[in-house]
Amino acid sequence: MIRLAGSRIHCTTPSPAVKMLENAMDDATLKQYLADDPPTVVPLSIKPHFEALSTKEKKYAHYISRAALAGTRVNLRQVSPESELIYDFILALHKSCNGDWKKLSSNAGVSDEDLQQFLNYAAQFIGNTGNYKSFGDSKFIPRVETEQVTALAKSSPEAEKLWAQVKDDVYESNSISKMHLGYLDEGHVSTYYPDSPDITKAEITYVSDFVKDLALMPENTRLRKLGSGDFELLIASAVTEPAQRDLKESQWTLEGPLKGKKLSLVYGDHKTEMGKIARNLTEAKKFALNEEEDKMQGEYVKAFHDGSMYAHLDSQRHWIKDKGPMVECNIGFIETYRDPHGIRGEWEGFAAMINKERTKAFSKLVESAPKQIPKLPWPEAFEKDKFLAPDFTSLEVLTFAGSGIPAGINIPNYDMVRQNDGFKNVSLGNVLSAAAPKEPTPFIKAEDQDLWDKHKDEAFEVQVGLHELLGHGCGKLLQETETGKYNFDHKNPPTSPITGKPISTWYKPGETWGTVFGGMGPSYEECRAEAVAMSLCPDYGILQIFGFGDGKEDINGVAGDVLFVCYLQMARAGVAALQFWDPNSRKWGQAHMQARFALLQTFLSAGKEFCELQYSKNDLSDLTIFLDRNKIESHGRPAVNKFLQKLQVFKATADLKAGKELYEGITTVNEWFATKLRPEVVRQAKPRKVFVQANTFLDGDNVVLKEYDATPEGMIQSFADRDYI
């Protein structure tokens, strides 16, 4: 069994798989792949908010929740080939003992400690909906020997059969690169390209560009390369012959480097799950609370039944018009972070209740947005012609299906909807407030710890609000919208504030931000939004909107405290980000953390009198962040604005070359960060939260809510009760 003692890892009679890992990696490297011990399991508390709903609202929420969670197997398939089998194995064990884990371990002759390590792994697995971390995309493995899990598996023929199929992959470690998600031809794992071991990045790029030219949206697709060298584009739908198709054609002969190869559309990917989702949303539609919700649910049904992304586009247009609903939801193939190519969406869905009190502050921020956006460091020509005020609400989450739960969301991601119809921002209140045990925070100075503890949640809420509303909501894309039509004066193009010359690049017809910036795009955009938050949080008028101070500059008052913690939080996140950088591939595994490292570098570039990483020990075990609150306005904010201006102008003008040079440059990890600081970051890393969510059940004409203990056992039970997955 594996135990952690300080910074060393000790193994007693380790399994063969763990021995293989040891041969390939040193102790410090091995540590990052072990399951959390214990995982931070927290409850997603919802009862008072759910009980305040009417019966009709409860039924609407119930069916949306079911639809979202019915996509769980889609998530599992999107993570790794073995994830769905691991999920089935965990539930088969639960079924074999009816949730009495102590009895199971006793009958199997497995110690309480080994059982707990298995349950810890299972909770982290379910919390991430797969065996790769949702935040970081690295694999995690159990801290228990294979033999002990095999003994547990003998509790039932079903569990034993599943374990025989999957046990090698639970522990597989013959290649460090396979411990990370990414392009297959770079040695990584990706199930967005199933059954395609020899598919290359170049082939993915060519087919993706070809599909883009067809105006077929890729979010609900996977790409398969056949043994013949032909390709199948798999489209998620409940039927194989849909009534509503986004393209009439089904097959093409490719040219260029793939000349003569065929590309075929194949409907029916995730067929069973898409059917369940469509049926639940059909039921939800019956309880829609207004016309927009009725139309939205109708388009959702088309999107998942027929595999139509155009229907999903329309669903989002109705969603935006549904302002301030009592039950908020969104569902679909939304975020593209985990596809190495950055264009295919991960399944995600949520049902939530509005928190009216917390929403007030966000509403005031929305109202003030037209005053705030001109403060950003770019000329008017690089800003949207008209700010489309979004619906900004604080939500209490009933259900969030997907691989991880964010603190805030700004969607839809579709440029054509955002530019013309707008978007929504949501802050997930019970995610933000879910409490983990209090303990000293790594890299925070002792003299700053009390202030950090007092204001970290408030500072994060300010950051989330500015990031989601103004960060993702601001900035124009300069486009030739169709041949000969432009959304700017192309005869007298605007002057770049960076070069002082007229711009010479923009988006051509059919191009989008996502297709031009590709895999780098999601992290680049997160960085731009984070930089907007850092640019605007020193504004005392904005801090007053959130309830801090009276709008007057006072760095030593409460507003100044919150501002200081905002900057300190970003600096600490930049240090902690190194955990999500892989020293073997020298690549980032998490979009947000790459962005935060860029902001840390920006702070450090402003001078050590403003921000410095201070330490006295060679192993950096005493490293802390020095940040002078009195120099945020004079040093920190100007450095952020200089960086942010470049991020926005390069994005606005489709200047991939300059954007790539800027972003890859500032997020390159040098040897000191890689070999000195990163090992200490990994050593001090705290487990991320995993959330135990409630279930709803129909009881006659009523909807009953069931909550669970915030334990690994409670986490497993909550999914065992979802027998519709």
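The backbone N, Cα and C atoms fix where each Cβ goes, and this holds for glycine too.
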| Out of Glu396, Glu511, Glu526, which is the one TrEMBL records at the Zn(2+) site of His467, His472? | Glu526
| task | Taking the Cβ of His472 (Zn(2+) binding site) as the reference point, list residues of the same chain whose Cβ is under 8 angstroms away and which are at least six residues distant in sequence. | result | Asn410, Phe423, Asn425, Glu525, Ala529
| remark: recorded positions considered: Glu468, Glu526; fewest surrounding Cβ atoms within 10 Å belongs to Glu526
| field | Beyond the site residues His467, His472, Glu526: chain residues whose C-beta lies within 8 Å of the centroid, for Zn(2+) | value | Asn410, Glu468, Gly471, Glu525, Arg528, Ala529, Glu530, Val532, Ala533
| task | Have a look around His467 (Zn(2+) binding site) and count the other CB atoms within 10 A of its CB, chains all included. | result | 29
